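Features reported for this protein in TrEMBL:
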| type | residues | note |
| --- | --- | --- |
| BINDING | E92, D114, L116 | Mg(2+) 1 binding site |
| BINDING | D114, D117, E280 | Mg(2+) 2 binding site |
| BINDING | D117, G118, S119, S120, N208, K274 | substrate binding site |
Amino acid sequence: MKPHISLTQFIIDQQRSIPNASGDFTMLLSDIASACKRIAHAVSRGAMSGQLGSAESENVQGETQKQLDIITNDIMVDALEWTGHLSGMVSEEIDEPIVIPEHFPKGKYLALFDPLDGSSNIDINLTVGTIFSILKGREGCNASLEDFLQSGSQQVCAGFVLYGPSTLMILTTGHGVNGFTLDPDIGEFVLTHRNMTIPEDSQEFAINMSNQRFWEAPVQRYIDECMQGRQGPRGKDFNMRWVASMVAEAYRILTRGGIFLYPLDQRQPDKGGKLRLMYEANPIGFIIEQAGGLCSTGRQRILDIQPDGIHQRVPVILGSKSEVERVVDYHQQT
Ligand code: AHM
Ligand code: MG
């Protein structure tokens, strides 16, 4: 039997090829993995924890927070603030950048995360996840707001953890995409999906069809052509999925291809879309591109966007290369 390669072993091995690597990054990832194991445990206890349902609060985006949104945010912050690897954090659940308390050392990295993506699914026992993005900051001092406003192409690392039938971490450091399954017997993430690549062509799309009347013409056209099936210009039948957890959709696309769209909504064109750039679109986009796919707003590559706010929203179109290229092409034609 082949020996298992743990997440820590895998990262140490990757870091060996980098001259003067201090080991900080390896330790940071291992702290994130520990936090995600705690979240996996909290999520798996379901109703037994007494923590399902809404909290009495709204987050900065005006969305009602689930109790588990707050609990998982606290797990991430508690696991990362003391370690000395970070100079600041940004969370979907917190308005301002999170300051590392005075008495803890400050490191060279910035962590941005959505602690519980797809949390509307938590009460119905469907897959949710944690998304994270790591940027370089200024070592030794507290990060300012401007320090976070880097484009997605500057990411040092991005990952997401799926809390589904199994707990799975998908990770990129810019050298391809690898997947690690949490082995509950030994409590470690173990390499199970090496060098994941997205099939180029596919026949599956994911979009919230209830918003159809609010989409722009290029997205209307793309979906309409998929719906026409083999009688239409695409000449093939399409399947549709909508889990309402981007992490689950992204994992499905990494596994069997397809396209995911959360496009611009004409009700609120100035808002840019639903999904957040810095801790949803950028990390997932980095992973999708590293696996051979594309991630775009329809008009611009997501990873090229210069952010103007930590909670900025963007339209997101990602997945198999040829399908995303088609949607981008439709945008260029209008
Ligand atoms: P969340 O971070 O508040 O959970 O919102 C993001 C989620 C995505 O995971 C998912 O793709 C989308 O919202 C679903 O939105 P909708 O309920 O409009 O279909
Ligand atoms: Mg989210």
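Each residue, glycine too, has its Cβ placed from N, Cα and C.
Taking the features listed in TrEMBL, we show where each one sits on the structure.
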| residue | record | contacts (Cβ under 8 Å, 6+ apart) |
| --- | --- | --- |
| D114 | Mg(2+) 1 binding site | S91, E92, T130, I131, F132, R276, Y279, E280 |
| L116 | Mg(2+) 1 binding site | I39, V43, K66, L68, D69, T72, N73, I122, V128, G129, T130 |
| D117 | Mg(2+) 2 binding site | V128, G129, T130, I131, F160, S245, M246, V247, E280 |
| G118 | substrate binding site | L126, T127, V128, G129, V243, A244, S245, M246, V247, A248 |
| S119 | substrate binding site | K66, L68, D69, V128 |
| S120 | substrate binding site | K66, A244 |
| N208 | substrate binding site | W242, A244, Y262 |
| K274 | substrate binding site | Y262, D265, R313 |
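Cβ atoms within 8 Å of the centroid of the Cβ atoms of D114, D117, E280 (the Mg(2+) 2 site) belong to the same-chain residues E92, F113, G118, G129, T130, I131, F160, M246, V247, L275, R276, Y279, I284, site residues excluded. Taking the centroid of the Cβ atoms of D117, G118, S119, S120, N208, K274 as the substrate site, the other same-chain residues with Cβ within 8 Å of it are N121, A244, S245, M246. Within 8 Å of the centroid of the Cβ atoms of E92, D114, L116, where the record puts Mg(2+) 1, the same chain has further Cβ atoms from D69, T72, N73, S91, E93, F113, P115, D117, S119, T130, I131, Y279, E280. Close to ligand 2, meaning a Cβ under 6 Å from one of its atoms, is not one of the binding-site residues L116, S119, S120, N208, K274. All chains included, 25 other C-beta atoms sit within 10 angstroms of the C-beta of E92 (Mg(2+) 1 binding site). Secondary structure at S119 (substrate binding site), as computed by DSSP, is helix. Only D114, N208, in sequence order, out of the binding-site residues D114, L116, N208 have a CB under 6 Å from ligand 1. DSSP classifies E280 (Mg(2+) 2 binding site) as helix under the three-state reduction.
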